[in-house]
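Asks: Let me begin by handing over the structure; questions about it come next.
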Ligand SMILES: Nc1ncnc2c1ncn2[C@@H]1O[C@H](COP(=O)(O)OP(=O)(O)O)[C@@H](O)[C@H]1O
Ligand SMILES: Nc1ncnc2c1ncn2[C@H]1C[C@H](O)[C@@H](COP(=O)(O)O)O1
């Protein structure tokens with residue numbers, strides 16, 4: 001019996017993976033989609049026309065980048081809807097506003113006018129009854145030291161050249177953000193407790209936990 005049937009994972013489930021840069025979202029997205037035979041919605045970095053420029057000059061490009069990410073995530077949302085679910089999504093739309101845009105505004109690298117324009121667009125697009133929330137958000141957590149090692153190991157030069165204080169600030173914000181997140185059920189995973197790069201045996205306990213949450217009888221999907 002395959003793992004999807006074994007743990008009664010609905011074919012139309014939408015699972016989003018959240019966590020700071022380098023924590024292991026894309027790796028777990030691929031491992032889970034393989035094990036569950038779900039489609040992936042991956043964050044594209046190589047084709048992003050603003051990302052390199054943004055890391056060179058936050059204040060010049062932060063607004064452009066947020067608008068670009070919002071458009072990309074919204075297109076992905078539409079694709080997921082059109083397929084009728086059955087997706088693992090690499091990063092949630094909630095992190096764009098709750099972590100990145102907010103951080104750049106509060107740190108002075110996004111102007112107040114740009115931040116207000118961005119948040120009003122975000123709210124008009126996302127905070128509506130028509131926007132489907134995921135069935136589950138998997139939150140990946142780990143120590144700052146482990147995450148910095150992973151950023152280094154992955155080797156994107158724009159990230160490696162970014163001061164450690166930026167990643168430290170983001171790490172702290174993520175911890176606060178997840179404690180107040182309530183748009184859908186959350187499964188917290190510590191990156192030292194699994195190894196998505198190892199064999200399928202490591203992924204099965206995660207799928208078991210996913211199944212338990214998705215099959216809770218009192219869970220009503222928020223719209
Ligand atoms: N379970 C793991 N054990 C060891 N290294 C990992 C694991 N998961 C991811 N990595 C490594 O960490 C780096 C960042 O992973 P990635 O999935 O790209 O993170 P994210 O998508 O969250 O930015 C990559 O080099 C990846 O190979
Ligand atoms: N909304 C965002 N604002 C700024 N930067 C962002 C946003 N979403 C993703 N990013 C950056 C962070 C990383 O450099 C790349 C890819 O993210 P990752 O966590 O490695 O998948 O994009």
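Using the three backbone atoms N, Cα and C, a Cβ is placed for every residue, glycine included.
It should be emphasised that the depicted structure is a prediction, and the values quoted were computed from it without experimental measurement.
Found this in TrEMBL, in case it helps:
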type     : residues                                                    : note
ACT_SITE : 90                                                          : active site, proton acceptor
BINDING  : 19, 20, 21, 22, 23, 24, 25, 26, 27, 150, 151, 152, 153, 154 : ATP binding site
BINDING  : 43, 55, 66, 91, 96, 159                                     : substrate binding site
DOMAIN   : 15-213                                                      : domain 'Deoxynucleoside kinase'
Asks: Just to be sure I understand the packing, how many Cβ atoms besides its own are within 10 Å of the Cβ of residue 151 (ATP binding site)?
Replies: 18
Asks: Going along the chain, which residues six or more apart from residue 27 (ATP binding site) have their CB under 8 A from its CB?
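Replies: For residue 27 (ATP binding site), the qualifying residues are 196, 197.
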Asks: Count the Cβ atoms, other than its own, that fall within 10 Å of the Cβ of residue 25 (ATP binding site), considering every protein chain shown.
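Replies: Its Cβ has 26 other Cβ atoms within 10 Å.
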Asks: Counting across all protein chains present, how many other Cβ atoms fall within 10 Å of the Cβ of residue 159 (substrate binding site)?
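Replies: I count 17 other Cβ atoms within 10 Å of it.
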Asks: Of all the binding-site residues given, namely 43, 55, 66, 96, 159, which is spatially nearest to residue 153 (ATP binding site) at the Cα level?
Replies: 159
Asks: Name, in the order they occur in the sequence, the residues of the same chain whose CB lies under 8 A from the CB of residue 90 (active site, proton acceptor) and which sit 6 or more residues away.
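Replies: Within the chain, residue 90 (active site, proton acceptor) has Cβ neighbours under 8 Å at 17, 25, 26, 29, 40, 41, 42, 43.
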Asks: Anything from the binding-site residues 43, 96, 151, 159 with its Cβ under 6 A from ligand 1? List those in sequence order.
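Replies: Near the molecule: none at all.
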Asks: Among 21, 23, the binding-site residues in question, whose Cβ has the most other Cβ atoms within 10 Å in this structure?
Replies: 23
Asks: At a 10 Å cut-off from the C-beta of residue 66 (substrate binding site), count the other C-beta atoms across all protein chains.
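Replies: A count of 26.
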Asks: Got a sec? Which of 19, 23, 27, 96, 151, 153, the binding-site residues, have CB under 6 Å of any ligand 2 atom?
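Replies: By the Cβ criterion, which requires under 6 Å to ligand 2, the hits are 96.
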Asks: Could you tell me the maximum Cα-Cα distance in Å between the residues recorded as binding ATP, namely 19, 20, 21, 22, 23, 24, 25, 26, 27, 150, 151, 152, 153, 154, rounded to a whole number?
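Replies: In whole numbers, the farthest two Cα atoms are 17 Å apart.
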